[in-house]
Amino acid sequence: MSAEQVSGRGRLIVFSAPSGTGKSTVAKLVMERLGSLEFSVSATTRQMRPGERDGVDYHFLSREEFEKKIAENGFIEHEFFFGNFYGTLLDKTREAIDAGRNLLFDLDVKGALNLKKIFGERALLVFLKPPSMDELARRLQSRQSESAEALKTRLERAEMELSHANQFDFVVVNDDLERTVDLVASEIARFLPQS
Ligand SMILES: Nc1nc2c(ncn2[C@@H]2O[C@H](COP(=O)(O)OP(=O)(O)O)[C@@H](O)[C@H]2O)c(=O)[nH]1
Ligand SMILES: Nc1ncnc2c1ncn2[C@@H]1O[C@H](COP(=O)(O)OP(=O)(O)O)[C@@H](O)[C@H]1O
């Protein structure tokens, strides 16, 4: 996969953070604020959570469907963690970028760094940090979407994700939500070409 395969004018904004830090919450508010960003809907094999919609939060695929897409080179990047596959769909991304639309991605650190490798200056990597590990555990618990086991694996992975924060273009501690949204939205507005 190379940038030549996706050659339009659209920019890529990539959010990463340890699971439970507040990526989805911040992403939603930043998109409302800026109006010119479209959410990149990834594919996954994980179970749909209550309130999630197929094709909106994720494209929910069976393991067989996901593996078939890998074999067809249907992903720009994909990863396997927490017992499931997650991946960025090539066709949908290419269509948006070619049309000059700006996409916002919610990816793990490896996926984010892969997109930076491919897209270079056309991608802005934003990393959100939790105020502390205790607060991260509290947020994950408050969401009530995880079993005790899933919660533990998410917290374990958090250390690895945090160790990559220095490879991101912009790092913010998601303490006060409004402040985070202000800072991130301003940074993205500076990054996007003026229309
Ligand atoms: N590499 C990669 N990671 C993804 C993709 N889609 C989602 N993720 C990441 O997968 C992880 C787990 O996501 P999810 O199961 O929705 O849980 P949550 O982040 O705790 O809400 C998060 O770190 C996401 O950023 C993708 O297409 N590629
Ligand atoms: N700045 C913040 N202060 C307090 N709670 C927050 C903040 N940002 C997000 N949350 C809460 O933390 C939980 C996890 O947020 P979520 O957006 O689902 O995280 P992620 O997408 O990173 O896994 C949610 O209950 C959310 O309402």
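Any Cβ shown, glycine's included, is placed from N, Cα and C.
TrEMBL does not curate its annotations; it predicts them automatically.
Straight from TrEMBL, the features:
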- Ala17, Pro18, Ser19, Gly20, Thr21, Gly22, Lys23, Ser24: ATP binding site (BINDING)
- 141-168: coiled coil (COILED)
- 10-189: domain 'Guanylate kinase-like' (DOMAIN)
(message) With every protein chain in view, what's the tally of Cβ atoms within 10 Å of the Cβ of Ser19 (ATP binding site), excluding that atom itself?
(response) 24
(message) Taking 10 A as the limit, how many CB atoms besides its own sit near the CB of Ser24 (ATP binding site)?
(response) 16
(request) Would you mind listing, in sequence order, the residues at least six apart from Gly22 (ATP binding site) in the same chain with a Cβ closer than 8 Å to its Cβ? (result) Leu128, Pro130, Arg139, Asn174, Leu177, Thr180
(request) Mind running the binding-site residues Pro18, Ser19, Thr21, Gly22 against ligand 1 and keeping the ones whose CB falls under 6 Å of it? (result) Ser19
(request) Counting other Cβ atoms within 10 Å, pick out the least crowded of the binding-site residues Pro18, Gly20. (result) Gly20
(message) Six or more residues beyond either end and a Cβ under 8 Å away: which residues meet both conditions relative to the coiled coil (141-168)?
(response) 16-20, 49-50, 81-82, 108-109, 112-113, 116, 125-127, 129-130, 133
(message) Can you name every residue in this chain, apart from Ala17, Pro18, Ser19, Gly20, Thr21, Gly22, Lys23, Ser24, with its Cβ inside 8 Å of the center of the Cβ atoms of the recorded ATP site?
(response) Leu128, Pro130, Leu136, Arg139, Asn174
(request) Determine the Cβ neighbour count for Ala17 (ATP binding site): the number of other Cβ atoms within 10 Å of its Cβ. (result) 29
(request) Under 8 Å Cβ to Cβ from Thr21 (ATP binding site), same chain, six or more residues apart: give me those in sequence order, or none if nothing qualifies. (result) Leu128, Lys129, Pro130, Leu136, Arg139, Asn174
(request) Please give the average pLDDT for the domain 'Guanylate kinase-like' (10-189) in this predicted model. (result) 94
(request) According to DSSP, folded down to helix, strand and coil, what is Ser24 (ATP binding site)? (result) helix
(request) Only counting partners 6 or more residues apart, tell me which same-chain residues put their Cβ under 8 Å from the Cβ of Lys23 (ATP binding site). (result) Phe15, Ser16, Ala17, Asp106, Leu128
